[in-house]
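Engineer: Have a look at the structure that comes next, please.
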Amino acid sequence: MVGALFNKLASKSLKVAGTWQQQQLRRLNIHEYQGAELMGKFGINVPKGVAVSSVEEVRKAIQTTFPNEELVVKSQILAGGRGLGKFTSGLQGGVHIVKAEQAEEIAGKMLGQTLVTKQTGPQGKVVSKVYLCEKVSLVNEMYFAITLDRTTAGPLIIACREGGTSIEDLAEKYPDMIIKVPIDVFKGITDEDAAKVVEGLAPKVADKQASIEQVKKLYNLFRESDCTQLEINPIAETSDNKLIAADAKLNFDDNAAYRQKEIFALRDPTQEDPREVAAAKADLNYIGLDGEIGCMVNGAGLAMATMDIIKLHGGTPANFLDVVEAFKILTSDDKVKAILVNIFGGIMKCDVIASGIVNAAKHVSLKVPVVVRLEGTNVDQGKRILKESGMALITAEDLDDAAEKAVKALKST
Ligand code: GDP
Ligand code: MN
């Protein structure tokens, strides 16, 4: 299928003004209830919980699992900050602690509704499941995370004796209380590492040795499941002296999908950026950011080589249909006020690329300026095709020039 050939043509919407440090998304995000189940499998203490998607299921879960208990009813969306979030219906808070007999009512007010948090953007995310958890009495809330760190080129455990609120706020309020323990990925976590983390958490009542074991289990989960991030906020102490994971945010390396099939089966596309889902269908890599310039850039040479071979064999490169799809996705975002195409024509020649862009620009009625920077084989022919197309395409000499022209173009729209 020709369509699949451009599977590495990446379209990105990059924020040009301001910060550039948006990380490329290469991680699967799973729901809290799924993360909790996984943690349970690794021997980490988690509250007893049941995920439900209807009020009837709430009733059943209460009868069978939580008779006469206080419950935490937690909206399941793939974003944090739920506790302090607000539903578009007006209901305050995506996490509620209630008596069992009130659970149905509150779950009914969450299911199918849109929750807006600090992390969802103003459009919010729809709650299609709620997680019912036993209410454990938390005597102390702390922060725990494992992430991949560039500086130490390996896993880094971050802990703070204060928790419950976002790490950004914790870092601002208690900068000296945040401790970082890099782990040697080859050696694995040592007792000493784990002890340092527990010292940083500074539990008041939890058994120290048992806490060290919990930290080691968390690291094992991180490593064995190919996590890119594991954040438990709060990790808490219960009145019966245990460390318990009262929240779960787990991300996994997309490149490990082949060996983490069970985990990757948990993907919930309804919670993902619809532009990313559309791009994935067209075999494009799309990264939705929040800037104004849509960028289309090419990646894998192999895809282009295949294209070239088709050309060699007399096929026509009208199969830039993927570019049409890419343009459509880019322009479906109203924030995009200009498009920057930056393609290096190596095996795939610039004239072929230029024809594809012109063709795509004709198919999609482009309402925003398009800046094209081509470099590589047959670049002069490519530029001529762009120029002679009569299309409002702005050509650029190099990447600097292209970025400058794109920024200028968007300011004039
Ligand atoms: P987030 O706001 O999306 O991070 O959601 P959390 O899962 O962290 O829940 C928000 C807050 O609810 C937590 O910070 C806790 O203070 C509280 N909470 C969650 N589970 C329990 C529980 O079992 N018992 C008690 N007492 N509080 C809980
Ligand atoms: Mn939390």
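Including glycine, each Cβ sits where the backbone N, Cα and C put it.
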Engineer: Pick from LYS74, LYS135: which one does TrEMBL list with GLY81, ARG82, GLY83, GLU141 for the same ATP site?
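Structural biologist: As annotated by TrEMBL, GLY81, ARG82, GLY83, GLU141 share the ATP site with LYS74, chosen from LYS74, LYS135.
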Engineer: How many other Cβ atoms are found within 10 Å of the Cβ atom of ARG82 (ATP binding site), counting all protein chains shown?
Structural biologist: 23
Engineer: What mean pLDDT does the predicted model reach across the domain 'ATP-grasp fold succinyl-CoA synthetase-type' (29-236)?
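Structural biologist: The answer is 95, the mean pLDDT of the model over that range.
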Engineer: Report the residues of the chain - excluding LYS74, GLY81, ARG82, GLY83, GLU141 - with C-beta within 8 Å of the mean position of the site's C-beta atoms, for the recorded ATP site, in sequence order.
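Structural biologist: Not counting the recorded site residues, we get GLY80, LEU84, GLY85, GLY94, VAL95, GLY164, ASP247.
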Engineer: If you measure ASP247 (Mg(2+) binding site) to LYS74 (ATP binding site) at Cα, how many Å is it?
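Structural biologist: LYS74 (ATP binding site) has its Cα 10 Å from the Cα of ASP247 (Mg(2+) binding site).
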